[in-house]
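Taken verbatim from TrEMBL:
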DOMAIN    49-217  domain 'Phosphoadenosine phosphosulphate reductase'
BINDING   Cys130, Cys131, Cys212, Cys215  [4Fe-4S] cluster binding site
ACT_SITE  Cys238  active site, nucleophile
Amino acid sequence: MAMPKLAHTPAAQDKLRALGILALNGMFDEMDAVGVLRYAVSDVLPGDLAIVSSFGADSGVLLHLVAQVDPSMPVYFLETGKHFTETLDYVETLKKHLGLINVHAIHPSPEDVKRFDPAGTLWETDPDSCCHIRKTEPLEPITEQYGGWVTGRKRFQTKERGVLPHFELTSDDRIKVNPLAYFTDADVNQYKIDHGLPEHPLFAKGYKSIGCAPCTSVVAEGEDPRAGRWRGLNKKECGIHFDFNGAIASPMTAATKHTLWKDGAFIADPFHEWTEADEPATASYKHVPLPVFLANRDAFLATQHPLGLLVLPGDNVEQVEADLGRFVSVAIKFPAFSDGRGYSTARLLVERYNYANEVRAIGDVLQDQIPLMRRCGFNAFVVTHEPTREALIENRLPEVALFYQPVGVTEIPVGTRPFLRRVH
Ligand code: SF4
């Protein structure tokens, strides 16, 4: 079946839509992985296709296909900083064996890691956020550069992947190519044997699907090969494959799910609510209610885990003045927008106690309050009110030029009316 040559332009995308992704998927035999990849490279997205590889147990198969079709295709490896050393060795082994000449490691932002995962244990408390800062965020600028990318996903791997086609059109008008969609576990193993591919050093030890070391475990005989990933957690994907026409994903949309607004953007929130089941000795990335902290002060001060403090209306932060350095975040609750006590608490922290870490507003946080809150020292906001979220995303916040009470040293009274102050 002859198909027109397509490029990654809006017109080409329209054409692709018109031809129908179904027609494209109908062009190839299920097992024609080379045919799928060759057509993608030469006709669908010439020069505009890249691959993200985990260099895991099965990665050699897809990379071998790439080496046959176009060894100069850009290959990106998410170097999360959490890989087994065996995986890092395997990257070098495969590069050399297959003659791949365009392999790049992508690293998480050091600022994000320092800010959200200073102890390196975020995978334990919040794996979604860990994957977000170590995989999704670093990948975003890369995916923006290409019209599509090649993946090694296969139908047999999980129930969620059971309907995976060769070609997907994503909701942000990119194409994902899955040459191995129909390969079974046995097909993959046979391919490795047939082509003499070097094995990942951990495969023989029972690791069937290999990702970051803390989130990968050995798989028992007969288990789903991906059962060893995030074992015991209700997590199957790292977030970079969700949402495609309702099934698989645009990594660019991930941030929009977050409710923590900080430094001008919605970002992953490493913190969780304190629960009665939490223990002072093991608590990490929890906003500890002030009375709970006071009752267990010694135990909390004895640990190194990142902690936050939760302040409710009526709580007295003076009681923890000496311990403020223990907290990387203070969350101040606004049970109702009309309750102004949180403003005074923030000013006490910032102006009197020189607290310089995160001061976040939680609860009833609305658009009109945010500029006022910022004046009082809040630098982070948990926003669930949808119109406020939209205003923040669209950078629409009301200007507050006039006010009645000056704050800090940057505001001075002007004019002849002493009760009217202006921001400078
Ligand atoms: S797989 Fe685990 S360690 Fe790796 S980024 Fe995700 S949560 Fe973090």
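A Cβ is built for glycine as well, from the same backbone N, Cα and C atoms used for every other residue.
Just so you know, TrEMBL annotations never went through curation; they're auto-generated.
Of all the binding-site residues listed here (Cys130, Cys212), it is Cys212 whose C-beta has the fewest other C-beta atoms within 10 angstroms. Just so you know, the Cβ of Cys131 ([4Fe-4S] cluster binding site) picks up 26 other Cβ atoms within 10 Å once every protein chain is counted. Summarising model confidence by region, the domain 'Phosphoadenosine phosphosulphate reductase' (49-217) averages a pLDDT of 90. DSSP gives Cys212 ([4Fe-4S] cluster binding site) a coil state; it is part of no helix or strand.
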